[in-house]
Amino acid sequence: MLLKELTINGFKSFAKKSDLLFSSPITAIVGPNGSGKSNVAESFRFVLGEQATSRMRGKKGEDLIFGGSEKVARLGRATVTATFDNSARVFPTDFDELIIERTVARDGSNDYTLNGARVRLKDVLEMLASANIGTTGHHIISQGEADRILTASPKLRREMIEDALGLRVYQYKIAESEKKLEKTHENIARVESLRRETHPHLQFLERQVKKYERALELRDELATAYADYLRREAAYLAETKKTLTSTLTAPREKLAQLMQTRKEAEQKIAGQSEHHDTDTLSAKQGELSRARHERDAAARAEASLDGQIGFLERRIAHLRAEHAKPAPAVLAAPIAYDVFATTYAHISRAVEQALLSVSLDEVKTTLRNIHTSLGALAKRAEVAPQKSLDLSSEEGELEELRVHAEDARATLRAVHERVQVLEHQCGVLRAKIEADTEEARELRHKVELYDHEIRELEREITGLIAQEDMLRRDDEAFNAELQEAVVLVRSKAMQYLKRPVLVDGAALDDAAIAALPREGQLERKRALERLKIRLEELGGVNEEVIREYNNAKERDAFLAKELADLGTSSETLLRIIAELNQELTLRFTEGLEKIDEAFNRFFARMFVGGVAHVLRSFPKVKAAAQSAVVSDDEIPEPTEEDDDAEPEIGVEIDVRLPNKRVRGLDMLSGGERALTSIALIFAMSQINPPPFIILDETDAALDEANSRRYGDALSVLAERSQLILITHNRETMSRAGVLYGITMGQDGISRMLSIKLEEAIAVAK
Ligand code: ATP
């Protein structure tokens, strides 16, 4: 016996723990109406994982739990345990017993255990399916459900038959594979979406990496170009600096020398100009001029005095001569000496001035003045009577004049001598000055020549300094370039130090490099600038991008691999599903043929004749669509079935009762329907016998003769499956090895007890 025991605890009316031991191939459960017999059948459904509460006459999970009665409180949970013998390893577990337990709580939650270990419903179903205990319940026929297989849709009927044939395991596997396939497709869609999402970024990174690689190439190119340029530039600068320094030395030295010579000449010239000869000469000349004037004045004074002396001597002589003559007219009024002297002095000064004057007009004016003075004097004179001659005054005056004249001569001599000395001195000085001026002229000429030479040298030096400035700027530019090179090509910037400049395979030295045409270097500089611009155009891509790209690529590769794996999984699953479907179809076809044959046999036995068949059917819609005539320009509307590769196969039943013309299920009476369904259920159970079959009052509609035939069929069935029969039928009871009687007392609790046939018959009544 596979089914060993059923324990019901808290399930529906079984508030107390009740055990049913299945020690006989046929167990009958009997009892009055409402005692709880059907609850036992439902407890089987429950423990075997039934999910439709309606199939256990409930609306929700808690309807399955003892709800309490007037005397007994309701329970919180219901537990049903089924114990199977697994010594023959019918179930794929190493235990000799398989204990399945299901508990439902009031909150509707369910717990399943297999041999005490908590499992999922799926595990329970799979375990049961492996022993051909399916979920469609073809082996549990509830009260009034005997003809369920007749009323069921072809599709459900097919499922029931599949179940009976033990093919549900294929359906599970197919469903599971389809679920996996769906999950795989979801994953494929997710991964594809992920890849689509990351693709633009990856492409962007790819472009960045290419840029980076291009930048690396350019940097190498730049490093080489820098090395060449800097090497040449360094050589050019060093050589030019050397040349310039040495070129500047000579003119600088010469300039210093010239400046010194010039300074000395200047000092000499300055020394001469400091000499007082010229001043002395001009002073002497002034002195000479004054001395000459003095001499001339002295000469004029001497001449005047000599004139006065002469005049006075002639007057004295004249007076003496006149006095010696008869008295001439005399002056009417004698002229006083002071008047005469004043007039004389006046005239004498006028004459002196006239002598010094160069202007004729002045001379004339002087003469007119003299004339006027003489006229005035003449008017005062008148002829006077001759008097005795007194010449003492004249002689005294004459003596005085002679003294003056002598003084004047002495003065004239002295002045004359001084003039001569001064003239000599001036002559000497003039000669000396003349000699000095000649040397100075020569010196100045030399200074001019020096200046010219200095200017030339300065121009030369200025030119060289300008070159030096240019070189300095070149040097600064070189350093700036080197700094930039360090930034752009890092340590490679220093490669120039060891970089040879080759011409015909031979390395040039600095001097030879510096001698090369400068245009080439300028072109190299331009090429450098072009490279820098190209590098700059590539933008600032750093190594981080490479890392990011590698990560992104790795991730994309991972996703691609995952996608490929998922693709493979999908293909594998599709293949598995196809194979399972193929196997299922094959087994189903074979099984159905066998059922058909058994059905026909049971049917003929029960109805003593007649014909019954089960046959495969295809959905009508599909059939209609297949047979529909569609014109060329009409596009048929797609039907649900069109989407399926395989049309849904159903199972149709065709029966023909003996001695009756009518055909088909609709024409059968209640009892005939019961017998037909029993024949089919028995046929199904024959081909792939389930470990147990529960029949809840399947025999209710049978008359005595049919009950006997039903009983016979049960005996055949019991050969291969345990039967648990809920019945009021005496014939059926008589076929059972073990009988359980169920009673329900006032407390609304079902109780179970093992009874004898007689007791059972009594209980059933
Ligand atoms: P019949 O011979 O008329 O078919 P039966 O013996 O099969 O009757 P059941 O239908 O199994 O009787 O039992 C019905 C009884 O179980 C009812 O009395 C009902 O009140 C009781 N019952 C059903 N569900 C519960 C529940 N959740 N709690 C308590 N009692 C319940």
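Note: Cβ is positioned from N, Cα and C throughout, glycine not excepted.
Residues annotated as domain 'RecF/RecN/SMC N-terminal' in TrEMBL: 3-750.
Averaged over the coiled coil (174-222), the predicted model reaches a pLDDT of 90. Annotation source TrEMBL lists coiled coil at 174-222 (among others).
Annotation comment: TrEMBL describes 261-279 (among others) as compositional bias 'Basic and acidic residues'.
Residues or ranges marked as region 'Disordered' in TrEMBL: 261-298. Long-range contacts of the region 'Disordered' (261-298) within its own chain (CB-CB distance under 8 A, at least 6 residues past either end) are made by residues 408, 411-412, 415-416, 418-419, 422-423, 425-426, 429-430, 432-433, 436, 439-440, 443-444, 446-447, 450-451, 454.
The compositional bias 'Basic and acidic residues' feature in TrEMBL is assigned to 287-298 (among others).
Taken from TrEMBL, the feature coiled coil applies to 391-474 (among others).
The feature coiled coil is assigned by TrEMBL to 528-555 (among others).
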For this session: Sort the residues of the region 'Disordered' (261-298) into helix, strand and coil with DSSP and give the three counts.
Result: 36 helix, 0 strand, 2 coil
